[in-house]
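Colleague: Take this structure, written in structure tokens, and hold onto it; I'll ask about it next.
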Amino acid sequence: MVQYLGAAALFSQLAAAAVPLYSNYEFNPLEHLGGNAPYFEPLDPQTDPAPPQGCSATRAAYLVRHAAIYANDFDYEEYLEPFMEKFQNNTGIDWSSIPSLSFLSSWSPPISDAEQELLTRVGKLEATQLGVSLSFRYNNFALPKRIWTSSAERTYESAKALVRGFEPAGQDNTIGLVSVYEADAGGANTLTPYSSCPEYSGSAGSEQSSVYLEKYTAPIMARLNDAAPAFNFTADDVYGMMEMCAYETVIRGSSPFCSLDLFRPDDWLGWEYTADVQYHYNVGYGSQVSGAVGFPWVNATANLLLADADDASVQDLYVSFTHRELPPMVLVALGLFNNSAFGGSEATINATMPSDTINYRRAWRSSHILPFLTNVAMEKLNCTGSYGYDDGEYYRVLVNNAPQPLPDCADGPGTTCSRAAFEEYLQQRGDMFSGYSAVCNTSAEYSNSTDVLTIYTETEGGNGTFVGKRAMWEQ
Ligand SMILES: *[C@@H]1O[C@H](CO)[C@@H](O)[C@H](O)[C@H]1NC(C)=O
Ligand SMILES: *[C@@H]1O[C@H](CO)[C@@H](O)[C@H](O)[C@H]1NC(C)=O
Ligand SMILES: *[C@@H]1O[C@H](CO)[C@@H](O)[C@H](O)[C@H]1NC(C)=O
Ligand SMILES: *[C@@H]1O[C@H](CO)[C@@H](O)[C@H](O)[C@H]1NC(C)=O
Ligand SMILES: *[C@@H]1O[C@H](CO)[C@@H](O)[C@H](O)[C@H]1NC(C)=O
Ligand SMILES: *[C@@H]1O[C@H](CO)[C@@H](O)[C@H](O)[C@H]1NC(C)=O
Ligand SMILES: *[C@@H]1O[C@H](CO)[C@@H](O)[C@H](O)[C@H]1NC(C)=O
Ligand SMILES: *[C@@H]1O[C@H](CO)[C@@H](O)[C@H](O)[C@H]1NC(C)=O
Ligand SMILES: *[C@@H]1O[C@H](CO)[C@@H](O)[C@H](O)[C@H]1NC(C)=O
């Protein structure tokens, strides 16, 4: 019969036959966009976010990256602006005749120079939503007196949106927002301790990640240049167009660059791995300073949670806003998302992120670790009647709402551990990662460094300012 079928009919018959019986393959590029991913909860691992049986949270602390912005300056200057400019220069191309790129005949760039780094509407929504979500989750907690943010506009505005989402009706102006200056000489006592660490390099990882960038973009470039030779697509154009999917989505709500007809699932996985290699060397296990820069937050926060239940100077809930660098460094300090856990060693960690091949089994996934609004939480729980466990205090860590298994701290229900085990774990992590100033060699640049984060207990910073509700004349 086959010989009587036209080409189109034959193709559709083959295509239908190519879908195996049990295939339920789905792919959402927005969940593979590394540090540019709109907030989502990847369920990594798929542990239950609710407290274990018999337990309830009595104190919690959150470290949160700012929510979605128009574009960070590096991405803008390196990839987005060159692509947008080239697009605007190439007015002679008839995009409408090229199927996968026909949308470009009516597309206009979504970002201007002036908007870079500002929070988008989606960003405000994300942060407000987290405020509402925390208010539900901890509805038995006293309202926090203060929450903290690093001083940049995008972190401050995120914190403001969270406070507005959190404050109950009739209680506007009850939470003070404390702005912590992003000092270059602040030692460990800021929410941007990587900035004051001379041994941290913002460009670390670019060299290693460029290897996979060249590799995965080569066939895409060939395909696009076959369709539109006059544009002369480069590797950076391809990387930038895929980044555009992320940014245009958080600016306009959707983006034609996310279409799977333009970039297929494996193309997105190549983009994602390139980003993961970069972050591994920049703020992950491949950097020699990550753990030491992340530890002061871990130590300060754990000590707040460990404080006596009747210590009136301690809040029930702490929330602090920072930039993309700190949460992953905190994860290293905590030993989470470690590719070498359950095998391998400290020494072989770089081998888990080869430059020229995707390690699909890696734990270190930037899309799960540092999307916009990514958050790391520490909770203290009071457990009574958890079958098989003693009544008492337990501790756990969540990343984007997924409870995490802490290395060597697992003697409680679910992913929790007991107070004694948590204290010992904290001590162990401190043995590995204390000495911020020495590891960062701060004395090369300033002499008044400190190894501890004291913003939560000191009062010189004042009580912060109230943020009110959005006024009609506000942007
Ligand atoms: C766009 O055109 C302008 C003016 O000819 C030129 O200066 C600029 O380098 C071009 N930009 C790109 C990315 O091609
Ligand atoms: C060190 O001094 C500088 C300049 O006065 C200041 O900005 C910084 O916050 C100080 N660092 C610490 C850890 O106190
Ligand atoms: C295409 O772009 C590359 C990289 O910018 C450049 O080296 C090359 O000369 C360009 N080719 C053409 C035909 O313009
Ligand atoms: C990662 O896991 C390996 C193997 O368990 C361990 O030796 C190493 O110390 C861990 N790294 C950190 C920073 O916790
Ligand atoms: C991993 O690579 C980075 C960058 O080359 C290097 O600084 C670091 O020491 C390496 N880590 C290990 C454990 O070899
Ligand atoms: C823990 O929960 C039990 C049972 O609800 C309660 O009696 C006890 O006071 C709680 N302890 C703390 C420290 O909150
Ligand atoms: C941890 O924090 C406590 C309380 O601020 C401090 O006394 C201690 O020195 C810190 N530990 C390390 C290893 O930095
Ligand atoms: C610290 O910085 C100084 C001045 O730049 C330099 O001479 C020294 O070698 C550095 N020390 C370490 C341990 O990197
Ligand atoms: C902060 O608030 C406390 C009471 O909650 C008050 O005693 C203190 O004076 C306030 N500090 C400042 C600098 O306003």
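The backbone N, Cα and C atoms fix where each Cβ goes, and this holds for glycine too.
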Colleague: Which of these, Cys245, Cys258, Cys383, Cys409, shares a disulfide with Cys55 in TrEMBL?
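Modeller: If we follow TrEMBL, the cysteine bonded to Cys55 turns out to be Cys383.
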Colleague: Tell me the coarse DSSP state (helix, strand, coil) of Cys409 (disulfide bond).
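Modeller: In three-state terms, Cys409 (disulfide bond) counts as strand.
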Colleague: Please name which of the disulfide-bonded residues listed here, Cys245, Cys258, Cys409, is nearest in space to Cys383 (disulfide bond), Cα against Cα.
Modeller: Cys409
Colleague: Measuring CA to CA, name the entry from the disulfide-bonded residues Cys55, Cys245, Cys258 that ends up nearest Cys409 (disulfide bond).
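Modeller: Ranked by Cα distance from Cys409 (disulfide bond), first place goes to Cys55.
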Colleague: Could you check which of the disulfide-bonded residues (Cys245, Cys258, Cys417) sits closest to Cys55 (disulfide bond), going Cα to Cα?
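Modeller: Spatially nearest to Cys55 (disulfide bond) by Cα position is Cys417.
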Colleague: Could you list the residues of the same chain, at least six apart in sequence, whose Cβ is under 8 A from the Cβ of Cys417 (disulfide bond)?
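Modeller: Listed in sequence order, they are Tyr394, Tyr395, Arg396, Leu406, Cys409, Ala410, Asp411, Tyr425.
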